[in-house]
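**Student:** Starting off with a structure, shown below.
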Amino acid sequence: MQTIAYRPDIDGLRAIAVLSVVAYHLDIAPFSGGYVGVDMFFVISGYLITRIVYPDIRRRSFSWLGFYERRIRRLFPALFTVFLFSLAIPYFLFLPKDFQSVFQSLVAATLFASNLLFWKTAGYFDSTAELKPLLHTWSLSIEEQFYLLYPFLLVLVGRLSLQWTFAVLSGVACFSLFLSEFYLHGQSPSVFYLPHFRAWELLIGTLPAIGLLPPVRSRSAREALSYLGFGAIVYGIFAFDDQTLFPGAKALFPCLGTALAIHADARQRTFVGRLLGCKPLLAVGLISYSLYLWHWPLIVFAKYYAIRPLAGYEKLALLGVSCLAAALSWQYIERPFRGKNGLLSKKWLFGGAGLAMSSFVSVGLAGHIKQGFPDRLPEEPVKLAKASFKLQQLQGDCIDLPQDRIDNGQACRLGRASSERLDFIVWGDSHAFSMAESLHLSAERNGAAGLLYAHTSCPPLLDVERFNAYEQGCRKFNDSVKRWLQQNRHIGTVFLVARWAISAEGTRYGAEQGRPVIISPKGIQDNPEALKAGLERTLQFLTDEGFRTVFVSQVPEIGWNVPSTLARETLFGHRASHEVPTAGDYRERQRTMTRIINELSVHYPVEIADVASVLCASSQCLIERDGHSLYKDDDHLSVYGAATLSGLFNDFFRSDSLRTAR
């Protein structure tokens with residue numbers, strides 16, 4: 001296995017990459033696009049792996065065993081140490097559900113599949129990032145998947161000429177970039193986490209390593225390229241933010257910038273190269289892998305315990321502790337295992353790695369099965385944290401139904417189970433799902449029966465699509481419900497339930513994480529008009545078909561995770577600084593939506609169920625009652641909260657009211 005000449009500028013690039021990521025994770029404002037540091041790492045990894053592997057493949061001297069031995073020595077010791085740390089601290093700190101999530105992440109990270117886990121769980125019903133100490137391993141999983149497959153690709157094309165090898169790698173990279181940009185608007189979690197959408201970033205790093213790119217002989221040209229590359233990196237770090245559609249084509253800034261900086265310094269150092277090779281950056285570059293591993297769990301644990309945004313001095317302290325942990329990890333964990341003369345022979349190294357991986361998987365599965373070992377904590381915080389999202393009276397999957405179940409009316413049943421007649425449906429997004437228990441209990445008391453049609457991120461607005469939704473197919477789902485209603489006109493009443501304000505305003509509430517919601521091709525500023533037009537089409541359809549329509553106002557958004565916060569306050573013995581919304585806050589948030597429904601109700605016979613009359617009856621909106629959280633997270637009702645609201649719907653389910661529809 002070839003050893004390449006040391007490039008101090010590359011360690012400098014590593015330093016910038018990891019520092020930008022750490023600053024971003026610490027919410028240091030100027031580094032709003034610091035997440036591009038991960039993309040820089042991808043390019044650097046692609047370059048270095050190709051420089052190490054490709055010459056041996058060309059000479060027919062490549063050793064698979066030697067390649068993976070180097071990967072194990074480089075990656076496993078520090079990673080496995082962080083695994084142990086990420087199990088030990090949550091044992092004393094985390095609530096059961098959060099600890100169970102750590103065990104799930106541990107299994108996935110051990111098998112280098114955490115990107116797949118976080119892709120599958122991305123969306124409404126997953127815990128927030130601040131509760132996942134191993135979330136950052138998604139990028140390591142992508143790199144490991146690349147390391148597993150890329151040598152095979154090089155072996156296949158290694159017999160070709162340099163020109164053909166370059167053409168194949170460039171073609172694969174371009175195709176991957178095309179997929180990334182094409183699917184970004186509708187499937188952003190997939191584009192973010194899945195390897196085939198990220199492959200182009202690593203492959204960009206391989207291109208200057210192949211040896212076909214012409215060397216830059218002119219000093220002025222080298223300087224210009226290095227400035228251009230460095231400028232592109234800096235632009236991404238400081239100009240991008242959480243609202244930037246990413247990765248896609250915008251990732252070209254950090255990726256091409258890194259590749260240009262590497263290529264410009266390949267033969268002779270530029271001013272930028274000398275800057276990157278300065279001692280402070282070299283010091284950080286050497287510990288960059290350990291710093292990346294250690295900083296995120298430390299931030300997660302600090303935020304978890306604080307139950308509030310971190311103060312400036314706390315962020316600085318975390319930065320210092322992260323650097324100290326990384327330096328110790330580099331000196332006493334990483335270095336002893338590096339090189340052929342590192343700790344453990346090849347036999348013991350592979351055997352030890354296999355044993356450690358088996359152990360972590362076993363522990364992770366056990367922790368998942370035991371549901372995070374709830375018996376280790378006092379009873380009261382565990383009870384508060386159990387704000388179950390599952391509908392107590394319903395069985396099976398009740399949201400995001402496949403097409404055939406919608407068409408055949410095989411949705412979850414609400415109300416009186418023995419009734420052969422269907423009186424109503426509940427149509428909406430995840431708020432319809434979380435409120436279904438309210439309608440179920442009320443319908444059951446009044447002898448009514450109905451069905452639940454709910455789809456994630458999809459309000460019941462005909463001919464409207466969310467442009468950056470967690471799931472594609474909102475418009476298709478609403479069209480399917482419309483067709484089913486046309487074929488089942490005996491249904492008397494339709495309840496429309498959604499998180500209306502987020503579509504009307506486009507912005508999230510309080511400290512909630514996530515991208516803005518855009519429902520208009522003209523942009524977020526046109527959201528109110530798009531919502532009004534879509535809702536009017538829905539009301540027009542329901543009126544023309546003779547359905548009775550009940551518009552259910554939105555559940556108050558709290559802006560922070562209610563059950564987790566209440567449980568942690570009880571467990572840790574200190575109060576969070578979060579404020580509970582007042583009735584005035586609720587009215588202000590719903591102002592646009594209230595205007596829209598009031599204007600439409602003049603033209604269409606729509607009844608309104610006012611959720612705020614129960615949940616915001618006093619000056620402050622309710623978030624708990626009798627020691628139970630009324631919320632599952634920051635804006636969805638828990639089962640207990642939904643039950644508390646059920647009395648609101650009694651008047652709508654009286655037999656005479658249901659019959660007035662026809």
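Each residue, glycine too, has its Cβ placed from N, Cα and C.
Pasting the relevant annotations from TrEMBL:
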type: DOMAIN; residues: 9-309; note: domain 'Acyltransferase 3'
type: DOMAIN; residues: 407-649; note: domain 'SGNH'
type: TRANSMEM; residues: 12-29; note: transmembrane segment
type: TRANSMEM; residues: 35-54; note: transmembrane segment
type: TRANSMEM; residues: 75-94; note: transmembrane segment
type: TRANSMEM; residues: 106-125; note: transmembrane segment
type: TRANSMEM; residues: 146-179; note: transmembrane segment
type: TRANSMEM; residues: 199-217; note: transmembrane segment
type: TRANSMEM; residues: 224-240; note: transmembrane segment
type: TRANSMEM; residues: 281-304; note: transmembrane segment
type: TRANSMEM; residues: 316-333; note: transmembrane segment
type: TRANSMEM; residues: 348-367; note: transmembrane segment
**Student:** For the transmembrane segment (199-217), which stretch among 35-54, 75-94, 224-240, 316-333 has the most Cβ pairs under 8 A?
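**Tutor:** Looking at each of 35-54, 75-94, 224-240, 316-333 in turn, the most contacts to the transmembrane segment (199-217) are made by 35-54.
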**Student:** Hey, would you say the transmembrane segment (75-94) packs against the transmembrane segment (316-333), going by three or more CB pairs under 8 A that are 6+ residues apart?
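**Tutor:** Counting Cβ pairs under 8 Å, at least 3, so yes.
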**Student:** Cβ under 8 Å, sequence separation of at least 6 from the ends of the transmembrane segment (281-304): give me the contacting residues as numbers and ranges.
**Tutor:** 8, 10-19, 21-22, 25-26, 41, 74-75, 78-79, 82, 85-86, 89-90, 93-94, 98, 130-136, 275, 310, 314, 318-319, 321-323, 325-327, 329-330, 333-334, 568
